[in-house]
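Chemist: First, the structure itself, so that you have it in front of you.
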């Protein structure tokens, strides 16, 4: 999991942050600012300083924040001057926006704040619709506005060109003030809250920031997104009264507290209206995803809150007293104690138990007191955070305590908190409103709590206090140094003490009145941390990662030093080594036992019958495994079935099986068994188990048996070929030296594939053992060098370097409608139309109710929502229009459009295990590693990647010992990219999202990022989508499935001259370090029809014929990715026999199914 931050402000106004992978609180040493409060998100933190100005702290990252400014220069032709700046009065401005309506000269663009800087000067864009333009970047048309082309014609009377300039945000890891001229807030701010990153289909990186002024007005910050972290302007939001505090959750809900104590909820928040529409009555203060909490010294949880019921159903009282509470990511709850102002986390908060179970104190040293923490006997330190006992001396959090607490809440009784005997000196502390639960309502629901205090916003009376008792100032300016030197002797050290002036009325100050009452403890001169505010909006934890260490740390003596611990570990290792050596030497003279036995496993399954009519029939399945005298293992698979009341069987030798692979099937738990012959026929043995667990057990057993029979053990080799199915299952094959031999290479159907644990969308590697993968959620993973996990979990060979892996993918369904002249677009289609709720093809009915996850191992993590990210574009409601089904869709309506559709998406999550370790924090969409030679001595391996936002990145520090690398280097581009590949001689080729091709010049070991991009013309009338670069060969695939080869690439002219077509029906291509070409092909002919997603190998590739001759078809269909970039074994040289010598048989001749005439034909053979 990526490292995230917990933010807090102490009583002196200093801001600290605690990393989930750190050891101490780190102070933000930036300026001498003192802050009142902060609100955090994953990528940034906002704060209110004591000068009442708003500041922003954006986390440092290897990926820079860049914003593109653009303007257009327009010219018209006249017979005297030619093209000039002299335009007609009815024309657009000489410098304008793309529509020509706004005047935008170059000198009108200014930096929005001091946190930005210009990258370079203005320059003309010489790229137009994925094609390079003439020098200068001009595009031509007959008039304004019209359709522009890059070629000048006889009737081209106007022209324009686009000018670009980039600005970069430089204020990273520092507090940047939002300029007052930009913010335009009429009065100072007293409270802020950020959220909104989970608003349905909101663009990633978009945030909502809400602010409350001292006059009780509410403001919303417009335009906060990844490329503009400061936002653009403030918009006032009307409120039903004067607001004192506001809280914004990650989704569509915003909560606010009025001065009168009334709580209101903002509704109508969505993608098109992020600031919402109106306010409705509510009852809470601080909200998370679906967890809402309130503090009035006592703590209250609002249950039943969701997007459909924003007001919830009732309150539940919690044991303990807090002055503020904050809900962070995953509904984790953070709070500050009312007495000692310590930091607490709510334990046991899950999706099914949002109220949690108990409070636990969180204690960690600050960086200024690190030198004192080792001698402290009052805190426990671990590799991360420090947990002490429950708040107010509760011994241990248990489910029983939580159940008793909920029973008392349901019965309306008042729980007796552990602090009741410490609160007798507080006014009203003995009443139920101060420490107990609300009275039972008539309908059986708990009654509302007392009017909520605004502890989080610094003003409102505590519950249980009379009006006369709450007139004094609760907040006032104090001299902290004087208070520290003159503590109150009466209340010093009392655990339930809250200050002599706590019942006073409010003022506009920002510091709470209390006595510091420091004891002589080794925390440094500042004393123990006393917090004034906490924000967990950027702290991503399901449960604190250090919770498992608490008891073990507490049971250890605090007097043990790190040196003693290291010596202790060394002593244990030496003793274990001596014992192992002693036990092995005593039995060296014994003869090794060889088992010669037969082992059989039987079961019942269903089999998809080979002949028509095809259907599922019940069969008995058995694996018979035996060991020979030499210790070699082998086995036979038997499948017993009945045909015409006659018992028959199929069998296959284990050493002839090439792969066991799970198969997508909505109704059954299916897997397929391939042999070499069945691979050529595209017709495997398909079996269905009764449960998914049984299927995984059989797959693990069968895979291990096949590996034993072939003598394959341990992790994949450095030369391995990697592939990924459309399910996300990962397979690896160990290539033979004869795989690329000429003229008779090893046929692809004889390759053996074994599964590797994990779940990924693509895998790339090279011959030095560096292997990276990318999941469906764009998370990057690096191979740890292990083997196992997944279906092999629990086996003895699946223990080393295995980690937990998660992946998130979206399931899509389509809503289809047809237009009629009476009611417009409706879900009433023609009898020949597709289903009104269907998949992308329209052939299968898919409704929201009946659409399930890909398998039981996946769980839904979101609701159905309209997907606006369709490549062809959508309108404001997500619809795409076309003349008929199926057709070419577009995101706008015309008079000829009689049908429309929109895509709905729902996210699901998978948790599995595998030999993969996450590489945070940047999400990737593509990755490429330099394909090295077999005996390469390269120390630092070049690795390039594309982020999910389209940024080009170069990974630094990648070696065989540190395959994850150290940091990212951002490579500047003029547009978003989608594919990148690095090949021999550090050739880097990339493809932009508009299909244009670029070559990166001057890339070397000393200059890993290169110097500049060169625009390469695409194939005629084609847009490329993927590129792969080998030692000298460059191949690319376009959006129509055509495979192209770049001609005349030489060291002196690495850009090449032109593109040559090789094949069609190609999904992806991989070019290896020996210029081998492998693809994923569609429409491959089999014995029972066409197969999509087949691994294919290009035959006849050699230096004199780099395009090859024909295709050799391997495993498939259902494959989505293949990588040959690790196979750098030189093929053996084979001497061809004489054609006249009949005594020497020809060996290794491929199956005659290969079409020698298909040199440049279809990869699918059609």
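In case you wondered, yes, glycine gets a Cβ from its N, Cα and C as well.
Residues annotated as compositional bias 'Low complexity' in TrEMBL: 454-464. The feature domain 'Peroxin/Ferlin' is assigned by TrEMBL to 64-125, 137-170, 806-867, 878-911. According to TrEMBL, the feature region 'Disordered' maps to 394-502, 1140-1166.
For the listed features, I'd like the structural context: burial, neighbours, distances.
Modeler: Taken together, the residues of the domain 'Peroxin/Ferlin' (137-170) have an average pLDDT of 91.
Each residue in the domain 'Peroxin/Ferlin' (806-867) gets a DSSP state, and the totals come to 0 helix, 26 strand, 36 coil.
Residues of the same chain lying 6 or more positions beyond the ends of the domain 'Peroxin/Ferlin' (878-911) and with a Cβ under 8 Å from any Cβ of it are 728, 759, 804-819, 825, 833-834, 841-842, 848, 851, 853-854, 857-868, 870, 872.
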Chemist: Might you confirm whether the domain 'Peroxin/Ferlin' (64-125) is in contact with the domain 'Peroxin/Ferlin' (137-170), defined here as three or more C-beta pairs under 8 A between residues 6 or more apart in sequence?
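Modeler: The answer is yes, given that the two segments have at least 3 Cβ pairs within the 8 Å cut-off.
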